[in-house]
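The feature active site is assigned by TrEMBL to Arg252. Residues annotated as ATP binding site in TrEMBL: Lys152. Marked as Mn(2+) binding site by TrEMBL: Asp493, Lys662, His692, His694. Here TrEMBL flags Arg565, Thr829 as substrate binding site. Annotation comment: TrEMBL describes 36-410 as domain 'Biotin carboxylation'. As annotated by TrEMBL, domain 'ATP-grasp' applies to 156-211, 226-277. The domain 'Pyruvate carboxyltransferase' feature in TrEMBL is assigned to 484-753. Per TrEMBL, domain 'Lipoyl-binding' is recorded for 1007-1088. Here TrEMBL flags Lys662 as N6-carboxylysine. The annotation N6-biotinyllysine is assigned in TrEMBL to Lys1054.
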Amino acid sequence: MMRYTVVRGGLGLLTVRRAVLSPRFSHSSPRSEYRPIKKVMVANRGEIAIRVFRACTELGIRTVAVYSEQDTGQMHRQKADEAYLIGKGLPPVAAYLDIPNIIQVAKDNNVDAIHPGYGFLSERSDFAQACVDAGVMFIGPSPETVRKMGDKVEARSLAISAGVPVVPGTDSPISCLQDAQVFAETYGLPIIFKAAYGGGGRGMRVVREYEVSRRAVKRVAGGRLVGYENAGTVEFLVDRNNKHFFIEVNSRLQVEHTVTEEITDVDLVHAQLHVCEGRSLPELGLKQDKIRVNGCAIQCRVTTEDPARGFQPDTGRIEVFRTGEGMGIRLDSASAFQGAVISPHYDSLLVKVIASGKDLQTAASKMSRALAEFRVRGVKTNIPFLQNVFNNHQFLHSTVDTQFIDENQELFNLKPTQNRAQKLLHYLGHVMVNGPTTPIPVKAKPSSIDPVIPPGDPPIGFRDVLLRDGPEGFAKAVRAHQGLLLMDTTFRDAHQSLLATRVRTHDLKKISPFVSHNFSNLYSLENWGGATFDVAMRFLSECPWKRLQELRALVPNVPFQMLLRGANAVGYTNYPDNAVFKFCEVAKENGMDVFRVFDSLNYLPNMLLGMEAAGAAGGVVEAAISYTGDVSDPMRQKYSLDYYMNLADELVKAGTHILCIKDMAGLLKPQSSKLLIGSLRDRFPDMPIHVHTHDTAGAGVAAMLACAEAGADVVDVAVDSMAGMTSQPSMGAMVACTKGTELDTGIALEKVFDYSEYWEVARGLYAPFDCTATMKSGNADVYENEIPGGQYTNLHFQAHSMGLGNKFKEVKKAYVEANKLLGDLIKVTPSSKIVGDLAQFMVQNNLTRAEVEERADELSFPLSVVEFLQGYIGIPHGGFPEPFRSKVLKSLTRIEGRPGASLPPMDFKALERGLQAAHGEDITPEDVMSAAMYPKVFQEFKDFTANFGPVDCLSTRLFLDGPKIAEEFEVELERGKILHIKALALGDLNKAGQREVFFELNGQLRSVLVKDTVAMKEMKFHPKALKSIKGQVGAPMPGKVVKGQPLCVLSAMKMETVVNSPVAGTIKAVHVTTDSSLEGDDLILEIEE
């Protein structure tokens, strides 16, 4: 009875073969007295115990299980008729090695026979003898046979005396290095060191060149030399010439016995029991000439081991367990079920999967299908590795030898499991226990009403013109258009100003088809860039690129517009020039059309770089002049009409397609609008002019009407329910005021009402972020303090959150003084933040402008202020304020010229490789750009999604507030894949500081354990190693600390792992002792570099 299987190893041999030892080889063997077995104990656990119980039940034999204190919840004790605790107070493994206790339980409960399974006591002759001495049958060979076969050296000698070829080896155990060296010099390398009395594979070590086979799958051959009875195996290697070489004998049932059973139709456990009763092989119908091999069978051991980490065992709670079944599949399970806790104390086997078919390819295809059906969540498994093996052409069609895995390292290119449903349940449970993951400014609940989506179908829009005629043709079409064009900021700047940039892609997608169908004559839809890029990852846990891609698919006819911060791209710092160019290129590829390029100081070199990058990517370049001051006030001459006209000359000369005035604080009054826009129109009659403003003072509609009348082609608006205050002027008001005039927008007012109704309800979902929670109206004092719209809202929030709500007036006054201290700046991100930081610094420290100037050389200013004065964001119009700058900087470095010009090019290939090493191969060009712009934010975003999955699939109320108990809802993961979820219950706090949250998912009960962050603050837990700190060494796997070098050795599930130092340095602190029990990533020690 033979089968071929793959092994891992380094002996350069073809395979390892195993054949079943036949008990009672001849008819002339002395016949034992027949003693029927009525009750069997299995002195083992897990899968093999269950396998024997099933055989006993089929034969009408009563079964007895034994279990350790750690195994009270294991399946094997539930499968037996009776179950008894053994090894009370002993360590987990020692309990199953406690021979006196096991024998006593057998005697106390009238057990007839004991089956040892495999592992533990199965090859202990003293255990077999103890059974005999107690009058209990041992289901296996005689004690003497077990002793001889357990001694690997004696077994080898017996094989030699029987004329069986053996692998070259020492005749007796070696005791010194010299003996090993002599052997190596005689036979050459590689050689294997193997424990003389067995070691379950852990004692095997290969010297040099090759790695030893990891739990190599073996074969069994038979022999009569020692009067062997019952099942056993003889292992030998087979070389390319089909020569056999003896290795050892295992005097027990083998792990892989299921393969023999499937291809021969012989139940080996039944046979073991009958032979133990005294029956012969002929009586059982087992004659060698009648045994036929039928087809092919393959066994896979599904274990809780992580192939990506050298097959280190994983532990934890199984949250989901679903098997692969069907024709040709046999499952021998251990303790795999939903809710099972996998401990580090025992073997990592979950289930043995056996596939059978007419040939290797048939069996392999069934195995592949079965493995694909498995769903195991909560612990890592080796399933991805096994799937790679069954997709390997060499494995399926060629001869496979012991070098197979070493020579096919692509087997370790593991496809990550999605596990989306369970991750989402974790997220929902986390929100139910701990509240929202995104910071909530005010205590307000999201609306419970979901917005209604109005219907409609899409006509041709301005994007069709852009795609057909290119950026230059697009600009000409805009200029030639009759009537006023509108840009809708609802998808970006409106919610940035009113709702702290918190609107999610989920709600933008819902209304996008309506916008596409009913607002096709919009100049553009502003939906990307600026603060939305990092906030998407930082607070909404969604990919900004995915937002762009999905919206593009839903709105194919309206141009998309983004905000590009010149040389700062979408960040708050300087980037190498090639990073800005690459960003624009990738944005254009993902559907971006119009790039509004600005600089927070109107610093021309920074703007020109952004314009060049957007143009090189094939985008429409809209150069934006940031507006401040008042061109109609002759007393304010720093930012005069001439200043803006001269800057416009430079931008037009540089090749901008569209010229924009960016009034980020809403300072344009009707008179100044007419003066500035009228002058620009006269100077540049063929240049499209676009005007952006905020409605903080309430005069936004009047100002934009004045701009339109003076010659502006496009003005910015937001839909009515998202307009006003620090947002843009009302779309409905502009449509109504221009209707029937030469400026008619061509937009149907009733469609604006429908659009506004959607956002009125949607805005309620974001109540915790709504500026109206603390700010009830706009304020004309913006003409004095010049605070940009979005920053006005943020400062208001910050003042209230810090308990300074009553001091907001002081903050606004301090903003004016801070602006003067810094030389009267153009104020837009990031320059506006610098002014705001200085203003809050002055309020918190009760400083006047005069005091700041006087004490500038001794005060500790905010970092943003210091870096601005150093020149990190560019040079302001009129230069830096002196002597204030010199007093603050003293001897600090000063940057001359464009800050990013001196930065070395970014190595995108190296960045991509680093991301792949950290997050797997599935890294996109978009991911690389996200990491280039915001390395830390992107890392945190990837960590979040690894834990909680695609939370962007959730509705906003569920994302922010979680479900209510007994609430039923649906989540669409992708087209055709919908989860039906019901929140059932929230459990009490357990000893680990967790609460169990129960759900019903697609009709099945699911639960997740969630750490209660509030409760855990009052409980003591082992600290975790921080991945961001190189000197903190975390446990690579759960386990116990044992003595060893270099740092320590962890032991779990028959595996010992050496923990090495990741850096050179001095040990600062040690957080473990010998026998400490650790979980994965628990902090072991800290190293100071």
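Including glycine, each Cβ sits where the backbone N, Cα and C put it.
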Requested in this report: Using all protein chains in view, find how many other C-beta atoms are within 10 Å of the C-beta of His694 (Mn(2+) binding site).
Outcome: 31
Query raised in the report: List, in sequence order, the same-chain residues at least six positions removed whose CB sits under 8 Å from that of Asp493 (Mn(2+) binding site)?
Result: Glu526, Gly530, Leu563, His692, Asp716, Ala718, Ser727, Gln728, Gly789, Gly790
**Report entry** Arg565 (substrate binding site) versus Lys662 (Mn(2+) binding site) - Cα distance in angstrom
**Finding:** 12
Query raised in the report: So, by DSSP, how many helix, strand and coil residues make up the domain 'ATP-grasp' (226-277)?
Result: 18 helix, 13 strand, 21 coil
Report task. May I have the list of same-chain residues other than Asp493, Lys662, His692, His694 whose Cβ is within 8 Å of the Cβ centroid of the recorded Mn(2+) site, in sequence order? Result -> Thr489, Asp663, Met664, Thr693, Asp716, Gln728, Gly789
Requested in this report: Please name which of the recorded positions listed here, Lys152, Arg252, Arg565, Thr829, is nearest in space to His694 (Mn(2+) binding site), Cα against Cα.
Outcome: Thr829
Requested in this report: Find, for the listed recorded positions Arg252, Lys662, His692, the residue with the lowest Cβ contact count at a 10 Å cut-off, counting only other Cβ atoms.
Outcome: Lys662
Query - Alpha-carbon distance [the residue listed as 'active site'; Arg565 (substrate binding site)] in Å - result: 73
Requested in this report: Fewest other Cβ atoms within 10 Å: which of the binding-site residues Lys152, Arg565 wins that one? Let me know.
Outcome: Lys152
Report task. Using Cβ-Cβ distances, find the residues under 8 Å from Thr829 (substrate binding site) that belong to the same chain and are at least 6 apart in sequence, listing them in sequence order. Result -> Gly530, Ala531, Arg565, Tyr572, Ser600, Pro788, Gly790, Gln791
Requested in this report: Fill in the CA-CA distance, Lys152 (ATP binding site) to the residue listed as 'active site', as an integer in Å.
Outcome: 14
Query raised in the report: Can you give the mean pLDDT for the domain 'ATP-grasp' (226-277), rounded to a whole number?
Result: 85
